[in-house]
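*Asks:* Got a structure here, written out as structure tokens. Questions coming.
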């Protein structure tokens, strides 16, 4: 994962270069390892690199051997080994997992993203046609923004974070996931079209527990593609604990197959998995896990149990309420949002990411996406029917790029730490989003708590020779929102502080430019003021989506799971 900035068809690109470098410097936190830039005709690409794969040779922008194609990527392409084999006639110049995008473009034109398995946001310049193509991964794990200026309407800008675009652009949009932009037509079109995207289509595929297990294991294995130390974010909840357990097993397997102590960094190695799904490299010989919370937080206690059970080298960090409050301005600056849920959950993740990076780790696995896929948020218990349950699930997955994916990407990349999310693997999504939603429904009378089928898939009861993935009390632990699990006093402290900072008079007088998007709580009002101080342009605010449960299901507007009625009913 890195940071990219691009300006296509700039009227004076060479004079603009110093400014482009300064704008890209605003996202150097995303790529502290190296900065690169290239100009071709009237287009400039700038890249801030975080080196994880192809460490010695993968600097960007990448240019084809004939100099006609220029590529800038923020992401990881997990099937790059297979893509290299498909493009054997192309002259590769690096070991980067991203370089195969160029020959895939030559082979498939704007359909190239369809063949990429990974998380990515990229721009590719074709000098022969004076054409730029930009694409974002299917779910929007990786951030990308697009901007235009009324003063220079022919110029198109792209950046990993919108703070790079605010100087030049009066129109900024979040680039839609699963889409590709082609300057030849000046249109953005969808390339990712799985059947489950149609929320009106209610699937009926029977449950296959072993298929779920094997698919998630493969998804984790793919994401251990790295030449640097990695770890897992471990909250002690179901999602992060499953990812940690699988990662510990896969790390042990990879360590046995490829002993890192014999790894020659100067030799030509391709990190990743082969056609048989076998992992060829291991960043560390043991898995390291990381947890954060207020002292004695529920997450910290659960994470200790999991780490001990799976044998990870565990690192526990605590923060005080004041440290969290002190970080809010930085969190909002990096996240570029005023959404209450995102800010609450991102602040501990932001603080933890700094600690992790200080320990020399560059990549972590994280558990985002499971709640959307399996209806794990506690308000899903109020779903009136399986059809409505599924429709809400699809909508939540579609909006992940504006919520949990944004949080996971920006709160970690603020410190040059890459977060990978196995639950959002393309194959895993295809499998799980096509399961009959009746199987996912929360049915207390039948003993089916939230994410029952995911828990059941990794329950080895009845498999006498199988090693358990998790302790039973963790596998069947009730859902906590991350911002709740780090300590209930975290949310209470935010609310109390907002009450003290925002007077009744202020709260009764929202800004006229907010229009109908008026904060309904003093906490939300406080965050919006902080956001506006950093990003006063309306076009920036228009990129923000507020995460709230479905009010028409009788749910409280406060997004904390603790305020959902179902939380009071501990389901056996």
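A Cβ is built for glycine as well, from the same backbone N, Cα and C atoms used for every other residue.
Because the structure is a prediction, the values reported are computed rather than measured.
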*Asks:* So which of 261, 265 shows up as phosphoserine in Swiss-Prot?
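*Replies:* The candidate carrying the phosphoserine note in Swiss-Prot is 265.
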*Asks:* To which of 233, 234, 424 does Swiss-Prot also attribute binding of ATP at the site defined by 292, 366, 367?
*Replies:* 233
*Asks:* Which of 97, 109, 111 does Swiss-Prot put in the same L-glutamine site as 49, 50, 51, 52, 53, 74, 75, 76?
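*Replies:* Answer, per Swiss-Prot (L-glutamine site with 49, 50, 51, 52, 53, 74, 75, 76), from 97, 109, 111: 97.
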*Asks:* Among 152, 509, which is annotated phosphoserine in Swiss-Prot?
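*Replies:* Swiss-Prot records phosphoserine at 509.
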*Asks:* Out of 51, 53, 233, 292, which of the binding-site residues is least crowded by other Cβ atoms within 10 Å?
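*Replies:* Output over binding-site residues 51, 53, 233, 292: least Cβ neighbours within 10 Å is 51.
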*Asks:* With Cβ-Cβ distance below 8 Å and at least 6 positions apart along the chain, what are the contacts of residue 75 (L-glutamine binding site)? List them in sequence order.
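*Replies:* When sequence neighbours closer than 6 are ignored, residue 75 (L-glutamine binding site) has 1, 2, 98, 118, 119, 120, 121, 122, 137, 142 within Cβ distance under 8 Å.
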*Asks:* Whole-number Å only: compute the distance from the Cα of residue 368 (site 'Important for beta-aspartyl-AMP intermediate formation') to the Cα of residue 233 (ATP binding site).
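*Replies:* Checking the Cα atoms of residue 368 (site 'Important for beta-aspartyl-AMP intermediate formation') and residue 233 (ATP binding site) gives a distance of 11 Å.
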*Asks:* Let me check the 10 A CB neighbour count of residue 49 (L-glutamine binding site). How many other CB atoms are there?
*Replies:* 24
*Asks:* Would you identify the secondary structure of residue 53 (L-glutamine binding site) according to DSSP, in three states?
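*Replies:* Assignment for residue 53 (L-glutamine binding site) reads coil.
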